[in-house]
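For reference, TrEMBL has these:
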{"type": "TRANSMEM", "residues": "30-47", "note": "transmembrane segment"}
{"type": "TRANSMEM", "residues": "59-84", "note": "transmembrane segment"}
{"type": "TRANSMEM", "residues": "96-114", "note": "transmembrane segment"}
{"type": "TRANSMEM", "residues": "121-142", "note": "transmembrane segment"}
{"type": "TRANSMEM", "residues": "154-174", "note": "transmembrane segment"}
Amino acid sequence: MPSFADIETTRTTLSHLLYEYWVSHELFRWQWWLSVALLFVPWLVWIRFVDPRRLFEMLVYASCIGILASIMDVIGTNLMLWGYRQRLFWFMYPPLLPIDLSIIPVTFTLVYQLCPTWPKFVAVVAIIGILVSLVEPLFTWLDMYQSYHWSPLYSIPIYILLASGAKWGVQRLLSIEAKSRGR
């Protein structure tokens, strides 16, 4: 039976291997630069289109989405459902930071802003989920992502639950806040 010391030794070895691999195979390659662009460009789009009157609400929603997407990504990666060949930073989890903390939050925040009714919101999120499941294999082709025990189709209901759960939570918080102010 492994001891905690055995696990820490293995983690240290893994950390060194990840660093060496990152420096020799990932850093400054075109996929790395694509990751940098995917981290920043969506937020520039978001700044252009976000409703400034709802800025705090949109940031709370985006934060919820980013946190939940990151948690799910860490779980899936640790369960070996998928893995990433490309990392923006060798020491960070989730490895595909631009997707979890940029593309997914920005996309769903714009949907949240533009689709105030539940039926329209869920329909648009479902369409986005389907489109993302079609685009996911592109990241395999770009040698950035590897699926082990996961189908892109599994992601569709997760995206719907993620976006809808965050919408419900933020709207609930707004309702509580409005009641406390006597509105």
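Positions of Cβ are set from backbone N, Cα and C atoms, glycine also.
Where the annotation comes from TrEMBL, it is an automatic prediction and has not been curated.
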Margin query: Within the same chain, where does the transmembrane segment (59-84) have neighbours whose Cβ lies under 8 angstroms from its own Cβ atoms, ignoring anything closer than 6 residues to its ends? I mean 6 or more beyond.
Written below: 46, 93-96, 99-101, 104-106, 108-109, 112, 144-150, 158, 162-163, 165-167, 169-170, 173
Item checked: Ranked first among 30-47, 96-114, 154-174 for CB pairs under 8 angstroms with the transmembrane segment (121-142) -> 154-174
Check: Which residues, given as numbers and ranges, are at least 6 beyond the ends of the transmembrane segment (30-47) yet have a Cβ under 8 Å from it?
Finding: 62, 85-88, 96-99, 101-103, 106-107, 109-110, 142-144
